[in-house]
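Chemist: What follows is a single structure, and I will ask about it in a moment.
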Amino acid sequence: MDFNMKKLASDAGIFFTRAVQFTEEKFGQAEKTELDAHFENLLARADSTKNWTEKILRQTEVLLQPNPSARVEEFLYEKLDRKVPSRVTNGELLAQYMAEAASELGPTAPYGKTLIKVAEAEKRLGAAERDFIHTASINFLTPLRNFLEGDWKTISKERRLLQNRRLDLDACKARLKKAKAAEAKATAEQELRVAQTEFDRQAEVTRLLLEGISSTHVNHLRCLHEFVESQTTYYAQCYRHLLDLQKQLGRFPGTFVGTTEPASLPLSSTSPTTTAATMPLGPSGAGLVPRGEAALCLEEVAPPASGTRKARVLYDYEAADSSELALLADELITVYSLPGMDPDWLIGERGNKKGKVPVTYLELLS
């Protein structure tokens, strides 16, 4: 009991001495040991890394889960060390509603058939979103969170300890200056040497931890590459699913696939799938012309008197055979459709050259 009381009194004395030193420094009444410029730069770099890591982490969480209530629920489950319950994505929920609507409204009717096809696509989009969220959480969010909850807490702890060592050192310097008697000076000098040793040791430990921020940057860079890869995979899957859906909808009898009215077409678009959905496709029927057969008579076919359009090429396209027209991004060509053509293709003209071009590579202008 006596030992504990003595230790408590000693700790209280140290705390009081540090508080006095800190207060006098704030009022300019005491000198403060300054850290070297390199150390200060390391501190600033570490603080900046911590602050931006927090912001990137929080905003990525918002990107992956826009619902704030769901984020709070997931946070509580993590803190309670419990498994987060599985949650359907918005796409999967939409797919469920569409499938139920088709069942009730008539799955054999054109609208019901289309609902079923779109529901299947939305389900695949929802599954792709679920995979993306899972991958991004493991490969990107978890390393960022581990840094904030692990390495950064260690750095913060050692920095606070360094601050205390620095206050002890400066308090010893102040006592040495105030000492008058030889015995008091000798005691103060001894205390200063001990304080200086402890401060130097703690400064070295903190410096090593701060220099480790470079390794943190390397690790976060790798995680960032993995996040971009998972995001690229996700959007590529979404594009493929929607492109497949668009093709399926174009083959349904009685399904809307476009319009031949120029006034209803958008003036500009950046989405190849949107362009494909709104291009004048011409009548669809039983005898679609196979892709290779158009080469037999393309040069002999005159463009229609009306229905030609100007289009801007979105991406470079290399012709697969002589029936197709090679394209360069941003060039302007004239396009039109022919009766019985595959709706995924149009006839393109550039000067005296003519050939089939894929609809998804074009943006209709007028």
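Glycine is treated like the rest: Cβ placed from N, Cα and C.
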Chemist: Given 109-138, 169-198, 289-318, which one carries TrEMBL's coiled coil label?
Modeler: 169-198
Chemist: Can you work out the mean pLDDT of the predicted model over the domain 'BAR' (24-258)?
Modeler: 88
